[in-house]
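Notes follow the structure.
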Amino acid sequence: MPYSFPLGPYHPALEEPFKVKVQCKGEVIESATVEVGFSYRGIELLAQKRNWVEVITLIERVCGICSNTHAMTFCMAAETIAGIELPKRAAHIRTIIAELERLHSHLLWAGVGAEDIGFHSLFMEVFTLRERVMDTLEAISGNRVNYGMNCIGGVLRDIPDPAAHLPALDALAKGLGEVVIPTFTQNPTALARTRGVGRLTKEQAVEWAVVGPVARASGLDIDVRKDQPYLSYADLDFESVVRPEGDVLARVVVRALEMMESVRLIREALLSLPPGPLRATQGLPEIPVGEATIRTEAPRGEAFYYVASEGGASPARVKIRTPSFVNIPAIEPMVMGQPLADLSIIQASVDPCISCTDR
Amino acid sequence: MAMLKTILGNLLRPSRTRAPADMPVVPPTYRGALTHDAGRCTACGTCAFVCAPKAIHFTQEPGISVSWHFFIGQCSFCGLCEQNCPTRAIHLRADIPGSMNSAGGDGLRLESVIHLQPCTRCGAAHVPLPAATMDALWAAGADEAERGYCPDCRRWAASARLRTAFTPDGAVAEGGRHDR
């Protein structure tokens, strides 16, 4: 007899509230409905009531994991409106922080993914590695989560001794290459839970307009860092990772190889940190009348910002479209015909970030 | 057999759990306890302007003092107040925020009183410049008497100096007092 099963809004594995309501026949899922909006905070409206400096602090709190992406993209939009050119050193530092953030976000996901398939020892391994990334971020910015690195026209903090962070990168590359990637791709327990599970074909990926690692795991080669290079990505010869399979394993592999690419990017950016000023402007920013749209590649995919200014103390409009906003609905085609027990890992495999989605 | 090897290997290796003494070094950039130096503060209000969660605000007792208030419950430790303070009166130290001097007695609030000084020329109460700023400004050998002036009188004195430079006899009519 068919029955419906609500998973959430309090998720058994993820910390944030969203709901997947599935219709099952026996053990097999026939259809699914995704509900979001449980942690709506009205950040876009709040942003219109704060001045240009305060908005950066506010926007940084859109997401608890990819906080820097949001502040950075907003600052890039304001810089585009004001016609401020970012100093080279600031662009490199922003790239380093963005890639460190991608590393810690993907490691967090790998840990949660391992937990979802009941692989606790792998979770421990992954979070030991993630701690190195968090320590590096704390050493650079003074905080583990909301780094507060960005200001309109540059960055607020320098990396005075780039070579000091290289040992952490070596340890990370070693841990990823020797433990995390081989375990996810060779361990029979991990493979049994991920290979061929939650498949999203290339056509479905286009139809559901997914972005980021989910799209790249379905064979769509889209990455803003490559398609429309910003910051220092053009100088660092970024290469995107694409897999054609479209299952959970492919998403794991895409994220794992992206982490290796991030480690390489951070190392090159640290070694080639150009001298120069950190900020193009001094004092409080003055943004003229204008509007700008900016796309950046957040850890979960393309983040889109539209910022309009009427020349006042506050932005006239800040529109935020986060990657999870388009990735979460794609859970619906992924879970069709899959066993109920795989629902947890399938929905975790899109790396849903609910606070981003709800804003 | 492989399992036995793993167990033996684990027994011979040291613990991977960090001991309390083996903590990562707190970086000097760590944004912890906030301190405010009333001697440096000019009550310009920049910190309150850039504070997104509105943890900082000013109150005043007209003619006597301006008070700077901080409530840690609203602070997001973004550090923008420290970054934007023109006189470096605010500093986020690299230690954990402890109990604070608190009028409310809850240990969550920080207050610091900036006493106004009467202007030595017109008598108007004003926030004095920080000593370091004064030393830097008066290093060039400006008139020591101007140290106690309020901003309006400083402006008047600067304009008087300019006028003296233009008028050859140096005669400046006394009485150009600003309205109060």
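Glycine too: its Cβ is placed from the backbone N, Cα and C atoms.
Taken from TrEMBL, the feature Mg(2+) binding site applies to A:Glu44, A:Ile320. Positions annotated as Ni(2+) binding site by TrEMBL: A:Cys63, A:Cys66, A:Cys353. Sequence annotations record features per position, and here TrEMBL assigns Fe cation binding site to A:Cys66, A:Cys356. Feature annotation from TrEMBL assigns domain 'NADH-quinone oxidoreductase subunit D' to A:116-282, A:285-359.
Structural mapping of features recorded in TrEMBL.
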{"residue": "A:Glu44", "record": "Mg(2+) binding site", "Cβ within 10 Å": "15"}
{"residue": "A:Cys63", "record": "Ni(2+) binding site", "Cβ within 10 Å": "29"}
{"residue": "A:Cys66", "record": "Ni(2+) binding site", "Cβ within 10 Å": "27"}
{"residue": "A:Ile320", "record": "Mg(2+) binding site", "Cβ within 10 Å": "21"}
{"residue": "A:Cys353", "record": "Ni(2+) binding site", "Cβ within 10 Å": "27"}
{"residue": "A:Cys356", "record": "Fe cation binding site", "Cβ within 10 Å": "27"}
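Among the binding-site residues A:Glu44, A:Ile320, A:Cys356, the ones whose Cα sits within 10 Å of the Cα of A:Cys63 (Ni(2+) binding site) are A:Cys356, in sequence order. Sequence-ordered, the extra residues of this chain that approach the Ni(2+) site, with Cβ no more than 8 Å from the Cβ center of A:Cys63, A:Cys66, A:Cys353, are A:Val62, A:Gly64, A:Ile65, A:Ser67, A:Thr69, A:His70, A:Ser105, A:Ala298, A:Pro299, A:Arg300, A:Thr322, A:Ser324, A:Ser355, A:Cys356.
Of all the binding-site residues in the record (A:Cys66, A:Cys353, A:Cys356), the one with the smallest CA separation from A:Ile320 (Mg(2+) binding site) is A:Cys356. Put simply, A:Cys356 (Fe cation binding site) is 9 Å from A:Cys66 (Ni(2+) binding site) when counted between their Cα atoms.
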